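Undergrad: Dropping the structure in here first, questions after.
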Amino acid sequence: MQNQEGLQADAEMASVTPIQATEVEDWANFRDDDIMQQQSAIRAVEAEKIPLVGDKEPLSSLAAEYQSGSPILLEKIKVLSEQFDAIRRTRGDGNCFFRSFMFSYLEHILESQDREEVNRITGNVENCRKTLQSLGYADFTFEDFFALFLEQLESVLQGNEASISHDELMQRSRDQSISDYVVMFFRFVTSGEIRKRSEFFEPFILGLTNTTVEQFCKSSVEPMGEESDHVHITAVSDALGVPIRVVYLDRSSCDTGGVSVNHHDFIPAISDAPSGTSGGSETKPFINLLYRPGHYDILYPK
Amino acid sequence: MQASRARLFKEYKEVQREKAADPDIQLACDDSNIFKWTALIKGPSETPFEGGVFQLAFSVPEQYPLQPPQVRFLTKIFHPNVHFKTGEICLDILKNAWSPAWTLQSVCRAIIALMAHPEPDSPLNCDSGNLLRSGDIRGYQSMARMYTRLAAMSKKG
């Protein structure tokens, strides 16, 4: 849920609730199904406001959101605009991290035509498949999602029959039936990585007192709409070997004078990160995401 | 639509192949509609449902497996998390904790587990939930056993 959307959602709820109240006269017959239906109705209303993946907007549109808001945020956006010039918003449906990652990655391949990187990630996808198999997942539960991702990867490479343009990539990323399948692919990959290295991840999972890493994956990684945090990001970055930069935009400030914007680079633990990205010893992530508490969008560096 | 059909067909083949693997579950697809399934599950042992065979009806949405199947008991059952009239089941994996990693077969296993481990704090059947919450285990078990005998056991047997 985005900051500014929280308010809108509240306003929306207020207009929805009275209708519900008249419909539900007999609470004995008000069932879970009804609640699920109401939830999906609210989602549908949200959906009309922002597509799964939005258009590229100048960074000034971000500043416009906070015109009457916190001065610290406005300062930070100013700092941000020195490094980045555009933002692409994603829908706040709990899948925003994975969806941002998906679009950002495929767009990068489309623009760079980096076949070496495609070969590299394809190898890692195969390893993820083996991981899931060794964890006891039946092939038919995940193979369709894997196949659809590999299909997208193939199609952003130009020069074959299935090649697609940037417009088509946009369209597919907004087509729920394709977009959600790719998001689900990342959820499987993330879950597999966390469970494979459960001893490593266990200390980082919050509130894991009366549940297991496996349970965490079942309840907070695999289901669509479950939000992601550093655990998910670390896992998917490691599993696929793709470095990710997350820039944090919040009200925190430091006493040392000038306002600065924090970022964190998730660098894959396995040292086979994309080779051609920087040439130097330091890998600079080509995926840049903006994090505001509870939501991720895509950033474009200058 | 096409994706859900393909997935269900894979599950169908898997069910045929693994028929013997889980003798407590008999899952079958409707002859003419792959989106309708029924299952017969055995009441777990050392529970009031032991000896009973319970029928479940599955209705699979077109967005399956991104969305969960709808499942309900066709056989009457006295259980805190099953609606006494409609057979609706209160189980997280059939709602927000669903993921495509589940299958119709593993949903059956989860329902059997729920029969053995009721969650009286989120009851669909308040009478049943209240018996458990008030600690009247004997009352709960005898009611549940009675309905198992009445509804889930063959009259001849």
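Glycine too: its Cβ is placed from the backbone N, Cα and C atoms.
Predicted automatically and left uncurated, TrEMBL annotations should be read as such.
Pasting the feature list from TrEMBL:
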- A:85-302: domain 'OTU' (DOMAIN)
- A:ASP93: active site (ACT_SITE)
- A:CYS96: active site, nucleophile (ACT_SITE)
- A:TYR248: site 'Interacts with free ubiquitin' (SITE)
- A:ASP250: site 'Interacts with free ubiquitin' (SITE)
- A:TYR291: site 'Interacts with free ubiquitin' (SITE)
- A:HIS295: active site (ACT_SITE)
- A:TYR296: site 'Interacts with free ubiquitin' (SITE)
Undergrad: Which three-state DSSP class does A:ASP93 (active site) fall into?
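TA: Going by the DSSP assignment, A:ASP93 (active site) belongs to neither helix nor strand, so it counts as coil.
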Undergrad: Check the Cα-Cα distances from A:HIS295 (active site) to the recorded positions A:ASP93, A:CYS96, A:TYR248 and tell me which is shortest.
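TA: Among A:ASP93, A:CYS96, A:TYR248, A:CYS96.
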Undergrad: Among the recorded positions A:ASP93, A:CYS96, A:TYR291, A:TYR296, whose Cα is within 10 A of the Cα of A:ASP250 (site 'Interacts with free ubiquitin')?
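TA: Final answer, ordered: A:TYR291.
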Undergrad: What's the most sparsely packed of the recorded sites A:TYR248, A:TYR291, A:TYR296, counting other C-beta atoms within 10 A?
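TA: Candidates: the recorded sites A:TYR248, A:TYR291, A:TYR296. Fewest Cβ atoms within 10 Å: A:TYR248.
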Undergrad: Once the chains shown are all counted, how many other Cβ atoms turn up within 10 Å of the Cβ of A:ASP93 (active site)?
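TA: So the Cβ neighbour count for A:ASP93 (active site) comes to 18.
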Undergrad: Please tell me which one of the recorded sites listed here (A:TYR248, A:TYR291, A:TYR296) sits closest to A:CYS96 (active site, nucleophile), measuring Cα to Cα?
TA: A:TYR296
Undergrad: Measuring Cα to Cα, how far is A:TYR291 (site 'Interacts with free ubiquitin') from A:TYR248 (site 'Interacts with free ubiquitin') in Å?
TA: 5
Undergrad: How many other Cβ atoms sit within 10 Å of the Cβ of A:ASP250 (site 'Interacts with free ubiquitin')?
TA: 15
